[in-house]
Amino acid sequence: MNTFGRNFRCTTFGESHGLAVGAVVDGCPPGIPLTEADIQPYLDRRRPGKSPLESGRQETDRVEILSGVFEGRTTGAPIALLVRNRDVRSKDYDALRDVFRPGHADYTWQAKYGLRDHRGGGRSSGRETLARVAAGAVAIRCLEPCGIAIRGRVLEVHTATEPEAMEAEIRAARDAGDSVGGIVEVTAAGCPAGLGDPVFGKLDAAIAGAMMGIGAVKGVELGEGFGAARLLGSEMNDQIGEAGFLSNRAGGVLGGISTGQDIVVRLAVKPTPSIRKAQQTVDIAGKGREITVEGRHDPCIAPRIVPVAECMLAMVILDAMLEQAKYREFGE
Ligand SMILES: Cc1cc2nc3c(=O)[nH]c(=O)nc-3n(C[C@H](O)[C@H](O)[C@H](O)COP(=O)(O)O)c2cc1C
Ligand SMILES: C=C(O[C@@H]1CC(C(=O)O)=C[C@@H](OP(=O)(O)O)[C@H]1O)C(=O)O
């Protein structure tokens, strides 16, 4: 499955060490002003090699719009977005050809397809997320005139919550040949009430699916999330006053449908699997091996996921808005 969405559909293609990575967006409304300059800032925020606290892979990640835009506006035709890979250095990955990295997708990819592109994780690489970011930036462009704004941030790294302490955690893990995880929060403000479906295709289910579809995300919660399990009903309920809801513990979704409040989503991001510390694994013949993973790896993925999560949330919301537009047309 390489396609996301029902109405605003995004198909991604490409491998980390192939020629290019990109997306084809189908279902984008016509007449939306769109140039590469609208998409590039999101790719710039996501690209690797910006700081010593992330992967040192040096990519410019320049996006080209190949189709679907004429005279600066979307036409309603498929929008093809392309980013060429530059800094591939595939030879550095020869040691991974026959061995499975603990925590990465090597073992399961081999089990599913019987072969694998071992060069930097192939399609399981976090690099694939640049395609979703490019597509999501198009969705953000569509949502802007509707007054919907999406913003993410890192809440925690390992156990630290202050920016300097978070950086220190990442630096310490990197220097020890290890890695750390974290918590990312993403919020959508300005969403109308009524988006989503009450049974299948609930908005919170769609959001959770989109977020769990990002590599290294092991948990997703809306509003109080797991904390809700420890509250009383009287503590959890968002009471309703004449001017609106008095709180937002639900995180902006009730019964699978948006309430019109901020949609607040948090992601638990696991520590990067590729680490220099020695670990136990097997090769494709099942023979026991010790592995230390070299290469240009993020010591913490959480900061790099922020623009990806923003873009995935934008696509889910736009998809739901397009669904709602269809429903209204038939319902009235
Ligand atoms: C933006 C981004 C960057 C990533 N960087 C790395 C990395 O440098 N090294 C690595 O081993 N995994 C990295 N990952 C995580 C792996 O891609 C992911 O753990 C792997 O595909 C297995 O999937 P799972 O963790 O969802 O089970 C990154 C993921 C994302 C989204
Ligand atoms: C290239 C990107 O991230 C990569 C994600 C990744 C992984 O295994 O997920 C491994 C590293 O790539 P490589 O194997 O080429 O060193 C990261 O740099 C990117 O985000 O653009």
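Residue numbering: from 1, along the chain as shown.
Using N, Cα and C of the backbone, Cβ positions are placed for all residues, glycine too.
The Cβ neighbour count for Arg46 (NADP(+) binding site), using a 10 Å radius over every protein chain in view, is 25. The feature NADP(+) binding site is assigned by TrEMBL to Arg46.
Around the Cβ of Arg123 (FMN binding site), the number of neighbouring Cβ atoms within 10 Å comes to 18. The FMN binding site annotation in TrEMBL covers Arg123, Ser124, Ser125, Gly255, Lys270, Pro271, Thr272, Pro273, Ser274, Arg296.
The Cβ of Lys270 (FMN binding site) has 17 other Cβ atoms within 10 Å, all protein chains considered. In this view, the densest Cβ surroundings among the binding-site residues Ser125, Thr272, Ser274 belong to Thr272, judged by other Cβ atoms lying within 10 Å.
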